[in-house]
Amino acid sequence: QECKCHVSGSCTLRTCWRALSDFRRTGDYLRRRMNGAVQVMATQDGANFTSARQGYRRATRTDLVYFDNSPDYCVLDKAAGSLGTAGRVCSKTSKGTDGCEIMCCGRGYDTTRVTRVTQCECKFHWCC
């Protein structure tokens with residue numbers, strides 16, 4: 001909920017409205033929930049589901065659940081529509097998904113130094 005004071009500035013009268021939470025906060029919350037998701041499989045009658053792994057906790061009503069593991073996007077998988085990451089350009093300094101540590105999936109990577117010479121369209125102006 002967000003509120004704003006009226007013109008007087010004394011906040012004796014405010015207008016409030018419902019608003020979406022910050023996008024980063026929502027994403028962080030979903031990431032935490034996803035990391036705790038429980039893999040399940042359908043029961044024999046198909047009316048319910050149970051934990052897919054013996055000895056793991058049962059899913060609660062508020063847990064995120066999933067049936068199938070995610071595909072391995074590191075390798076070519078035409079059925080999943082993944083071209084893999086081999087041969088792609090990565091950023092050695094980035095810690096994000098474009099960084100070599102993540103994109104190369106532990107396979108290692110080669111570095112190449114590229115030097116580009118370009119015309120800068122610079123002009124010299126005598127000033128003093």
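The backbone N, Cα and C atoms fix where each Cβ goes, glycine too.
If you go by Swiss-Prot, Cys3 shares a disulfide bond with Cys16, out of Cys11, Cys16, Cys74. Taking CA atoms as the reference points, Cys127 (disulfide bond) and Cys90 (disulfide bond) are 44 Å apart. For Cys5 (disulfide bond), the Cβ neighbour count at a 10 Å cut-off comes to 12, with all displayed protein chains included.
Cα of Cys105 (disulfide bond) to Cα of Cys16 (disulfide bond): a distance of 48 Å. Neighbour list (Cys11 (disulfide bond), Cβ cut-off 8 Å, at least 6 residues apart, same chain): Cys5. Counting only the Cα atoms, the space from Cys128 (disulfide bond) to Cys3 (disulfide bond) is about 57 angstrom.
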